[in-house]
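One structure is given here, and the rest of the page talks about it.
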């Protein structure tokens, strides 16, 4: 019985050290390397058709913070956390038709603005 307690103690100590190391890194440290700023980049897939097609790509900011009590009272479904985010979107674009029937937006300027992931 004493053997199993020592074994369990070693496993718990190892797990504790691993979790401490894991939580000491900022979020996303393992998955992302410096995210580039929001700017125009060539879309390689559509540019193969002969005309260079540009697309806005890159990172903006996002943050989350506790919802103020005053705001929670007015919510239909109260939430403890409020989040904000901006996405890299086109400020200006030119409509382009490729191969007679493919209509695309060729971005000409980019900036960080409100995210509309649901927008088609």
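Each Cβ is built from the backbone N, Cα and C atoms, and glycine gets one as well.
Here the structure is a predicted model, which means the values were calculated and not measured.
The disulfide bond annotation in Swiss-Prot covers 35-59 (among others) and is backed by similarity to another entry. DSSP assigns residue 59 (disulfide bond) to a strand. Sequence-distant neighbours of residue 59 (disulfide bond): residues of the same chain at least 6 apart with a C-beta under 8 Å from its C-beta are 35, 36, 37, 38, 88.
Note on residue 38 (disulfide bond): other Cβ atoms within 10 Å of its Cβ, all shown chains, come to 18. The disulfide bond feature in Swiss-Prot is assigned to 38-88 (among others).
Residue 110 (disulfide bond) has a Cβ environment of 23 other Cβ atoms inside 10 Å. The feature disulfide bond is assigned by Swiss-Prot to 56-110 (among others), with similarity to another entry given as support.
If you look up Swiss-Prot, you'll see 60-112 (among others) marked as disulfide bond, on the strength of similarity to another entry.
A strand conformation is recorded for residue 87 (disulfide bond) in the three-state DSSP classification. Taken from Swiss-Prot, the feature disulfide bond covers 87-115 (among others).
If you look up Swiss-Prot, you'll see 80 (among others) marked as N-linked glycosylation site, on the strength of similarity to another entry. When secondary structure is read from DSSP and collapsed to three states, residue 80 (N-linked glycosylation site) falls in the coil class. The number of other CB atoms found within 10 A of the CB of residue 80 (N-linked glycosylation site), across every protein chain shown, is 7.
In sequence order, 51, 53, 54, 93, 94, 95, 96 constitute the residues six or more apart from residue 106 (N-linked glycosylation site) in its chain with CB-CB distances below 8 Å. In the three-state DSSP reading, residue 106 (N-linked glycosylation site) counts as strand. The N-linked glycosylation site feature in Swiss-Prot is assigned to 106 (among others); the stated evidence is similarity to another entry.
Sequence annotations record features per position, and here Swiss-Prot assigns signal peptide to 1-24.
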Want to know which recorded positions, from 60, 80, 112, are within 10 Å of residue 87 (disulfide bond) at Cα; which are they?
60, 112
